[in-house]
Amino acid sequence: MGIKGLSQVIADNCPSAVRHNDIKNYFGRKVAIDASMSLYQFLIQVRGQDGQQLMNDQGETTSHLMGMFYRTLRMVDNGLKPCYVFDGKPPTLKSGELAKRASRQQKAREEREEAKEVGTAEMVDKFAKRTVRVTRQHNDEAKKLLELMGIPYVNAPCEAEAQCAALARAGKVYAAASEDMDTMCFQAPILLRHLTFSEQRKEPISEYSFEKTIEGLNFTIEQFVDLCILLGCDYCDPIRGVGPARAVELIRQHGNLDNFVKDADKKKFPIPEDWPYQDARRLFLEAEVQEAKDIELKWRAPDEQGIIKFLVEEKGFNEDRVRVGINRLVKASKTIPQGRLDSFFKVLPSTKKEKEKPKAAAKRKRDTKSSAPKKKR
């Protein structure tokens with residue numbers, strides 16, 4: 001679910017915290033990607049001409065592998081060094097949200113069957129996408145493919161977004177990449193959205209700065225997390241009557257959720273008695289992650305024959321296309337730099353250069369004046 005309305009809050013209160021870039025701007029950057037979110041995207045978006053998920057002759061879904069292979073190729077073609085992070089066990093507090101998702105999926109399955117009988121193809125497709133979920137098999141097959149491609153991955157002990165954020169905070173990667181805005185609640189210094197979208201969508205990558213966000217809001221980290229909980233997250237339902245603008249106003253007025261829960265008008269803001277905001281706050285501020293210092297990210301040369309065996313022989317992919325993809329992967333593995341120059345050299349702010357310009361111009365003027373021939377009287 002992410003954080004409801006957070007992108008709108010940032011756009012309204014601190015627009016300088018987000019910028020939009022082309023993928024080429026991230027040449028040489030290491031990025032930790034939320035694998036579960038990516039696989040979910042692939043299962044929904046990577047479809048055949050009939051609108052159905054891609055399958056092999058055995059009836060096995062292959063949309064997730066097609067997406068993982070070609071979207072990863074697009075990244076390495078542009079000089080990025082991706083690593084994927086997979087979800088571990090969900091926190092107990094998330095069980096309610098997971099139960100709601102399961103209920104929605106069951107309802108969508110029933111509506112899809114009904115649409116098959118009386119509805120249009122568009123209706124069937126709409127409800128079919130709502131039934132999508134990432135299974136253990138999808139995860140295992142994605143990990144196998146990444147290993148064959150030489151792309152590192154990490155198994156998070158709990159939430160993948162939290163582990164991505166931890167890797168970014170430790171400097172192991174430049175940014176965390178996910179469509180879920182709650183990645184910012186885990187204090188990822190930089191969040192990239194739309195990184196794993198297809199090239200055909202021509203969607204620029206949105207880069208969110210955590211530091212500029214809390215500076216623009218004039219919030220502490222704790223206040224920002226409280227704001228996100230108030231907006232509505234996977235761990236806590238939102239409070240009826242509290243939208244993005246009102247949530248910002250309430251945190252500024254009360255300072256934190258403790259004061260809001262204690263002092264708020266309960267008729268105006270019906271807060272459930274068992275609203276677990278303190279547990280949610282703890283999950284964001286003290287997330288269960290593997291220590292970044294214990295994680296070594298290594299990008300290796302691809303196992304060309306292994307990829308052919310897995311994708312072509314086992315999963316029924318077109319061999320010619322896979323071989324072209326392998327060639328792109330091999331080329332990228334030889335040309336992607338170890339690091340960017342701007343990570344080694346300190347870039348001076350442009351303001352200093354601007355200040356120096358008038359002085360330099362004045363000096364040139366004096367030099368020109370002194371060297372000019374004097375007029376005879």
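The backbone N, Cα and C atoms fix where each Cβ goes, and this holds for glycine too.
As stated in Swiss-Prot, the feature region 'Interaction with PCNA' covers range 337-345 out of the listed 274-282, 301-309, 319-327, 337-345.
Between the candidates Asp22, Asp34, Asp226, Asp234, Swiss-Prot assigns the Mg(2+) 1 site shared with Asp87, Glu159, Glu161 to Asp34. Counting neighbouring Cβ atoms within 10 Å of each of the binding-site residues (Glu159, Asp182), the lowest count belongs to Asp182. A helical conformation is recorded for Arg71 (DNA binding site) in the three-state DSSP classification.
Within 10 Å of the Cα of Asp182 (Mg(2+) 2 binding site), not one of the binding-site residues from the list Asp34, Arg71, Asp87 places its own Cα.
Here the Cα atom of Asp180 (Mg(2+) 2 binding site) is found 13 Å from that of Asp87 (Mg(2+) 1 binding site).
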